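Encoded as structure tokens, the structure appears first; notes follow it.
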Amino acid sequence: PAPTEAGQAPSPPDGGWGWVVVFGAFVSIGFAYAFPKGLAIFFKEIQDFFGTSYSEIAWVSSIMLATTYGAGPISSILVNRYGSRPVVMFGGLLCGVGMISAAFCTSILQLYICVGFITGFGLALNLQPSVIIIGKYFLKRRPIANGLAMAGSPVMLCTLAPLNQFLFDNFGWRGSFLILGAILLNCCVAGALFRPIGAGTAPVKTQVTEEEKGALKGEITEDGTEMSSSPNIPMENKTEEEGGKDCFEKINQYLDFSLFKHRGFLIYLIGNVLMFLGFFAPIVFLAPYAKHTGIDEYSAAFLLSILAIVDMVARPTTGIVANSKWVRPRIQYFFSFAIAFNGACHLLCPLASSYTGLVVYSSFFGLAFGMVCAMLFETLMDLVGAARFTSAVGLVTIAECCTILLGPPIGGILIDTFGDYKYMFIKCGAVMVLAGTFLFIMNYYNYRALAKEEKKRKAKEEDLKSARTENEGRNNLNKDSAQDGPELEPLKGEGVKKEINGT
């Protein structure tokens, strides 16, 4: 049976076992985000082994990232049906199977299937449930919890970058894939920590169900025909209508398509779809770019470690800043600034011609990347609320998968066409600055529109309250005037009675 986590949970505990859940999310989110980036260490050697171009080898990471995001609705449906724990454990098993199978691939197409689709789908089943369950355990401390869980990505990237280079030097890319497949099975352990929350909601749910059954229970006539509680409506027709309604409600429960009427959600969706066109490509090509400039392999891999170390500090710090009373009411502006800052770093990257310059770029890139990732889901939850967040994540990720899929290959095509990496960095920077500017302007419009709507709502409430007060005053006056007549008659009667008795 579906766990109580799928229903409406009680108020989040904001601590306790929630911190253990944050650690589990730290591991699973870390693998989901860092693993596609860490594989870039093997790209140069795999490219030489299969004799492919930059754009062809970039499709490996691209398909993996696109599958991770595109499978978001499937992951959301599974979480609503079975809960976070079994979904994450099954996802960890798929990741291990995909990477172990990739070790035996004989063509680039087989790598697309094993690494891109199978492992990517497993990472999708790790990412969505981990983000969703944090929203169930935390409310007041949610930005901090999200920041700590998102810090798993830089920690894993910082570890995977030198580890992958070490594994390649000692076991080759095939042996490395076997070992990485075994490491990914740790996601099953992380998923086991996701204890369902809301055990106290089961009796309430049963009570509601019994009340609904009692309300829908028909009356039995003398002929034995069951009639509905509503007059002149046969029970059979009513059952058919309710059956159709229940089917629609089930579909809408898994994916709430009414979110496309939500102004803030649409602004977030458009801005993020544009942003992801240049979000992942710079990380995928950072190590190959360093090798292209003549830097040795370990120093090139160390650039990813520098990025990850700064990112590791930036995410929880951003969570603390976003949770402050000055930033949280206007967190959408902070998110827009982080995206534009990320794009500015990419635009300045071609100026870094030496290894020192690349170290500086990696540091600023890690800071900007950590700021965006720490607020990526927090801003969405701020817009739609925790109740609709599961559906919102699924709908957002499936829309983002198209630009995630195209981002790295477009960068690879620019590199193949011009023979230089700077055009790829300029493209990514320009796209992200445009996305940040769009989000800032549209969020300003959204905040003003919300303030006007709130002002109108309060004015209507005041008008209704004053009208209600006037009506109550009139009713009281009418009651008083109606009661004055009957009250005088007994007094007259009593006076006459006293005079007759002579007392």
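Here the Cβ of each residue, glycine as well, is placed from N, Cα and C on the backbone.
The annotation compositional bias 'Basic and acidic residues' is assigned in TrEMBL to 455-473 (among others). Helix, strand and coil counts under DSSP for the compositional bias 'Basic and acidic residues' (455-473) come to 19 helix, 0 strand, 0 coil.
Taken from TrEMBL, the feature compositional bias 'Basic and acidic residues' applies to 489-503 (among others).
Marked as domain 'Major facilitator superfamily (MFS) profile' by TrEMBL: 18-447.
The region 'Disordered' annotation in TrEMBL covers 455-503.
What TrEMBL records for 16-36 (among others) is transmembrane segment.
Annotation source TrEMBL lists transmembrane segment at 57-78 (among others).
Residues or ranges marked as transmembrane segment by TrEMBL: 90-123 (among others). When Cβ-Cβ distances below 8 Å are used as the criterion, the transmembrane segment (90-123) is approached by residues 28, 31-32, 35-36, 39, 46, 50, 52, 56-57, 59-60, 62-68, 71, 129, 174-175, 177-178, 180-182, 184-191 of the same chain, each at least six residues removed from its ends.
Residues or ranges marked as transmembrane segment by TrEMBL: 144-163 (among others).
As annotated by TrEMBL, transmembrane segment applies to 175-194 (among others). Through the fold, the transmembrane segment (175-194) approaches residues 20-21, 23-25, 27-28, 31, 35, 42, 83-89, 91-93, 95-100, 102-103, 119, 122, 126, 129-130, 133, 164, 167-168 of its own chain, all at least 6 residues removed from its boundaries and within a Cβ separation under 8 Å.
What TrEMBL lists as transmembrane segment is 265-286 (among others).
Among the features that TrEMBL reports, transmembrane segment is placed at 298-314 (among others).
According to TrEMBL, the feature transmembrane segment maps to 334-353 (among others). If one looks beyond the transmembrane segment (334-353) by at least 6 residues along the same chain, the residues whose Cβ comes under 8 Å of a Cβ in the stretch are 271, 275, 278-279, 282, 293, 318, 321-322, 327, 360-361, 364-365, 368-369, 371-372, 375-376, 379, 421-422, 425-426, 428-437, 439-440, 443.
What TrEMBL lists as transmembrane segment is 359-377 (among others).
For 389-411 (among others), the entry in TrEMBL reads transmembrane segment.
For 423-447 (among others), the entry in TrEMBL reads transmembrane segment.
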Is the transmembrane segment (389-411) packed against any residues at least 6 beyond its ends, judged by a Cβ distance under 8 Å, and which are they?
55, 58-59, 61-63, 65-77, 79-80, 124, 128, 131-132, 135, 254-257, 259-260, 265, 268-269, 272-274, 276-281, 284-285, 377, 380-381, 383, 424, 427-428
Contact set of the transmembrane segment (57-78) with the rest of its chain, CB cutoff 8 A exclusive, min separation 6+ beyond the ends, reads 32, 35-37, 39-40, 43, 46-47, 50, 87, 108, 111-112, 115-117, 119-121, 123-125, 127-129, 132, 254-255, 280-281, 284-285, 390-391, 393-398, 400-402, 404-409, 411-412
What else in the chain is close to the transmembrane segment (16-36), if you only count residues 6 or more beyond its ends and a Cβ gap under 8 Å?
61, 64-65, 68, 88, 91-92, 95, 119-120, 123-124, 126-127, 129-131, 133-134, 137-138, 145, 148-157, 160, 180, 184, 186-187, 189-195, 280, 284, 308, 373
Listed stretches 144-163, 265-286, 298-314, 359-377 vs the transmembrane segment (423-447), most Cβ pairs under 8 Å: range 265-286
